[in-house]
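Asks: Straight from TrEMBL, here's the annotation block:
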REGION    1-28  region 'Disordered'
COMPBIAS  10-24  compositional bias 'Basic and acidic residues'
TRANSMEM  36-58  transmembrane segment
DOMAIN    40-229  domain 'Cation efflux protein transmembrane'
TRANSMEM  64-84  transmembrane segment
TRANSMEM  105-127  transmembrane segment
TRANSMEM  139-160  transmembrane segment
TRANSMEM  172-192  transmembrane segment
TRANSMEM  198-218  transmembrane segment
DOMAIN    234-312  domain 'Cation efflux protein cytoplasmic'
Amino acid sequence: MDEGNTPQGYKEDDSQMHAHDHGRTRPLPDSASIRLRLNIAVAVTGTVLVAELIAALISGSLSLAADAGHMAVDSTGLAVALIASRLATKPRTDERSWGFARAEVLAGGLQAGMLMVLTAVIVVEALSRLAAPPSMEPLPVLVVGIIGLVANAASFAVLAGGRNDNLNIRAAFLEVTADALGSFAVILAAIVTLTTGWGGADALASLAIAAFMAPRALSLLRASARILLETAPEGLDTTRLRAHLEAMPGVEDVHDLHVSTISTGIVTLTAHLKVSAELDARGRDALVALVRECAATHFPVAIGHTTIEVDSASENCADALVHP
């Protein structure tokens, strides 16, 4: 083979028709750190939840009950996220080749569904209370609202550092952020009721809490659905990736190109490269090594798991019957 057909900088190994690389995965977030953050958030949220439920029963405040319901969903979601984090550390098996890596995705989708149901319930009840505002004791609402805001600020600080590393941490961070906004709305409603005596402020605060929750639920549901539907990761231009592969030395065509996310930090690429008949086995090995390097380093989203099939135009392609 002409040495010019071999990409430079790679060792020539024994030939293989198919090359698989499963060892270049970007390091995953530390599981112990994730669990610690979630444990703290669960403890704080659970404590405030109990306080808000008691105060809501005493005062008759819908906004406080709405915030308590929101925190109940958060607590459940955080517990599910914690379980998912533990499952994700279990070893892989032949039956479950990715282990429980997608447990966090299922947990994120579950939290989104719970938030959407709670939002609908709050809106219906708040609208009925706007029509006929009931009496309410604002002082306990104000006190518990302030306690909730301080507690949410503490959880916010704990979760902020890991929100970009794990879908469950991101979900928990968004929930705590909305909890803080909910507590702020509760405080404002209590102040308005204390100073003016208008009970409708509590219903308006409840609607505000629902408004905080709805877009978060949709965002989380969208993120979970993208992964479960194996959509290409956000930030990765697959058209550019295909063009990049087609421009490599000896490549004549690229098909069966699939890029998907298994879970946070685990992105996979599979592709079938049709190459020039002049490219021998060593040249193909060098080409596959080049593809791996490019996938891992040349794009905004690092692709750590690659499966590349290589053949020439003169060879039969078994997939051609399925993927013309």
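Using N, Cα and C of the backbone, Cβ positions are placed for all residues, glycine too.
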Asks: Using DSSP, how many residues of the domain 'Cation efflux protein cytoplasmic' (234-312) fall into helix, strand and coil, respectively?
Replies: 26 helix, 31 strand, 22 coil
Asks: Does the transmembrane segment (105-127) reach the transmembrane segment (198-218) with at least 3 CB pairs under 8 A, where each pair is 6 or more residues apart?
Replies: yes
Asks: Go through the chain and flag residues at least 6 beyond the ends of the transmembrane segment (36-58) whose CB is under 8 A from any CB in it; none is fine as an answer.
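Replies: Result: 64-65, 67-68, 71-72, 74-75, 78-79, 81-82, 85, 137, 140-141, 143-144, 147-148, 151-152, 154-155, 158-159, 161-162, 168-169, 172, 176, 179.
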Asks: So, taking each listed stretch (64-84, 172-192, 198-218) in turn and counting its Cβ pairs to the transmembrane segment (139-160) that are under 8 angstroms, which one gives the highest count?
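Replies: Ranking 64-84, 172-192, 198-218 by Cβ pairs under 8 Å to the transmembrane segment (139-160) puts 172-192 first.
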Asks: Short question: which residues 6 or more past the ends of the transmembrane segment (172-192) have a Cβ under 8 Å from it?
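Replies: Apart from its flanks, the transmembrane segment (172-192) reaches 37-38, 41, 45, 48, 61, 63-64, 66-67, 70-71, 73-74, 77-78, 81, 111, 138-139, 141-142, 144-146, 148-149, 152-153, 155-156, 159-160, 162-163, 198, 201-202, 204-205, 208-209, 212-213, 216, 219-220.
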Asks: Please give the average pLDDT for the domain 'Cation efflux protein cytoplasmic' (234-312) in this predicted model.
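Replies: 88, rounded to a whole number.
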